[in-house]
């Protein structure tokens, strides 16, 4: 079979507060996040947005210890996966490629090229496929493969999604069952699945399978759990004025509180690692919303991280991928060329569609004013000492 590698893909996150601003710059410099009519404006606008948003985002990260634990957890997952593959008789080197922070996907690919692999399995750490997560990373890799003849010699295969893998479902069910034991009446606790949202247009216009996979996954987890608990699925992290997948997590929590639900177990279904959306958004923001709605006992299932059943599932996916016909970049969904994309981070873009348009116009005017001040050396930012 030759030398085998596994490339784990994820979003990435700032490891310390000083990383937040450049992380945001990378996020908004991605043309899949903000599409402009003039490409040369992409990076200047990303600089402006990241500068304006850095302080608020830093405050959120400060609430969870000053940075994202995502890389540390992903490294632990990679190490555990390497060990599990060895036990299965498969010698493989595991690489980590993050979309918007170190180690970048490009860095991982350079290491892969240097190691002269014969086989590569590309495994996103997103159970459910979306054009904005796995799809975004796949598009970066596809462009690299297109531009580099040496990469085209590498025998590779993608694992687009794995929301229905029995090992993953069992690991999720095990975690839920453990947390249910903490409630006075475990079978009466309401199970609340919170998935990361995407704009409704991704599903309606681009054919993104994300919503269908999330809904199917929720049903499969409940079937695997085999408990009588009632459950709800909602979508978190909505940004901007456009409609996202519904119901929204905050509204669903308020509705359950009004219905008299006291015991609630939140399951972060989109996330296999602890990061800002679990530690800050769910544990702090949504907990506060739930308590204000009258939900007295708010608990959360931990992310999978290095749960042994989960790691076993990842290893089995890799082994199956090595033995099955390859899945290539051409086989996964691609967004339309003119489709507007939104980041997988939470930023306020405006209250209405008209407000979003005006926000963009004002941002452009602000950017032009900034250029004038930088060239002239005079202006309000110089006066207050910011430049």
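Here the Cβ of each residue, glycine as well, is placed from N, Cα and C on the backbone.
Computed from a predicted structure; not experimentally measured.
When averaged over the region 'Ferrochelatase' (1-318), pLDDT in the model lands at 96. The feature region 'Ferrochelatase' is assigned by Swiss-Prot to 1-318.
For residue 277 (Fe cation binding site), applying a Cβ distance below 8 Å and a minimum sequence separation of six or more within one chain yields 196, 236, 237, 268, 270, 271. In the three-state DSSP assignment, the secondary structure recorded for residue 277 (Fe cation binding site) is helix. Positions annotated as Fe cation binding site by Swiss-Prot: 196, 277.
The region 'Hlip domain' annotation in Swiss-Prot covers 319-387.
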